[in-house]
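J.: First, the structure itself, so that you have it in front of you.
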């Protein structure tokens with residue numbers, strides 16, 4: 001058989017020649033192999049070739065180390081002591097090569113066939129994590145979609161449910177969502193032009209009203225005793241019993257919202273944006289309130305990993321322990337936000353704080369706000385903004401109620417960049433006061449304003465309610481015959497786009513003969529007026545005469 005040209009192996013010299021001993025033995029090996037085996041040999045990896053040659057070459061053959069590749073690790077994590085310990089079999093290896101490798105393994109008396117395979121890093125799972133709820137084994141999930149949970153938000157036991165019940169509820173929710181999607185697909189895209197609701201919408205509204213009839217009825221004595229016993233037994237480690245407190249319809253809506261929030265938190269945990277129990281502030285001590293946080297805020301790691309933060313309610317400085325907070329409060333001279341007081345009526349005041357002049361305070365305010373806002377992205381670049389901080393005064397100082405920020409120079413005429421009402425002051429009318437104050441500033445500036453998008457969920461609800469109230473009040477006081485959207489915008493300082501969207505939601509806008517007509521629905525106006533009379537003279541309104549402010553010039 002003619003001699004094949006030899007390939008340069010790791011043991012060959014730089015000039016193409018080899019050592020005499022290895023050359024003679026390799027010639028014998030090459031002459032005995034068939035052409036098919038030789039073609040398979042060429043597909044072997046370099047490491048596999050060296051291993052097969054070690055069984056055929058002379059024992060005194062020495063090969064230089066290959067500096068291009070580092071030796072692989074054994075399952076123990078250490079480098080192998082010899083090349084015979086490497087298990088680097090190739091699926092393309094020939095039958096002769098596998099026999100040679102088995103012979104080498106027998107010679108070294110080391111059989112690696114029963115050695116366990118090395119686990120990859122991404123396949124490892126941390127089973128040391130455990131749900132903090134007492135008595136919970138971390139099995140099941142509130143959403144019914146996951147096998148395990150490691151946070152209270154997804155714990156079925158905390159919500160007084162079982163894992164099987166969560167799965168059943170998940171199936172029913174999916175069916176309802178599919179039905180809603182099917183109805184939306186069949187709904188006409190021009191449905192906003194209809195003046196009156198469709199028959200299906202009216203029927204659904206009647207069904208909801210029927211389901212909600214019993215939501216204001218009080219609990220019987222037996223139910224009260226059961227709820228109190230549950231509270232005394234489990235304390236804060238379990239969710240309070242919610243059955244019979246409200247209607248079944250509203251309770252089911254609340255359960256759906258809980259499951260959706262739990263699913264969102266689970267996605268954030270899987271993506272690594274939050275780490276349950278290690279890098280997310282759970283509660284803050286703010287004045288005389290202890291507040292549960294809603295979202296992650298980028299506080300420094302040494303503070304965020306504590307899980308509980310202590311914040312001065314006047315200067316907003318954050319601290320690690322209650323002892324440090326108590327010492328700080330004994331020395332803190334702040335009793336109100338920095339800046340100029342531009343509004344005061346009764347106990348309510350609004351301070352204008354410049355982000356350039358009071359940078360630290362505004363940064364701390366943004367970090368605090370991010371704990372309760374999902375869409376906020378501004379933390380440190382506060383210099384281009386003005387902050388309007390609303391406070392409520394008593395004998396101890398001016399307590400933070402909420403705030404909104406505003407660009408000094410906005411090309412799109414945004415009158416609000418970010419708005420927040422503190423959780424302890426929510427559902428008391430302060431959110432509408434902040435919105436009304438922002439539009440009051442736009443009126444003084446003789447501009448038309450609109451909030452910056454995207455709005456948070458609570459912010460969107462508050463703005464829609466405010467726009468509805470403004471339009472109905474305008475309709476109630478309007479005495480003319482033709483209503484112009486431009487005139488409404490100039491008088492209320494509300495952007496025409498927001499006016500049109502509100503009119504569409506109220507079904508007060510109709511397209512007729514190529515024109516959009518504004519309809520004056522007397523039933524909605526009468527309903528709004530009845531609520532105003534029932535509310536009476538509330539102090540949760542902004543008085544334009546109490547504003548002492550001139551638009552700032554420049555930055």
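For all residues, glycine too, the Cβ spot is worked out from N, Cα and C.
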J.: Given the ranges 177-235, 236-294, which one is assigned the annotation region 'Disordered' in TrEMBL?
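T.: Among 177-235, 236-294, the range TrEMBL annotates as region 'Disordered' is 177-235.
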J.: Residue counts in helix (H, G, I), strand (E, B) and coil for the compositional bias 'Basic and acidic residues' (203-213), per DSSP?
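T.: Across the compositional bias 'Basic and acidic residues' (203-213), DSSP assigns the residues as follows: 10 helix, 0 strand, 1 coil.
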J.: Same chain, outside the compositional bias 'Basic and acidic residues' (203-213) by at least 6, Cβ under 8 Å from its Cβ: which residues?
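T.: The answer is 197, 247-250.
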J.: Is it possible to get the count of other C-beta atoms within 10 angstroms of the C-beta of residue 452 (active site, proton donor/acceptor)?
T.: 17
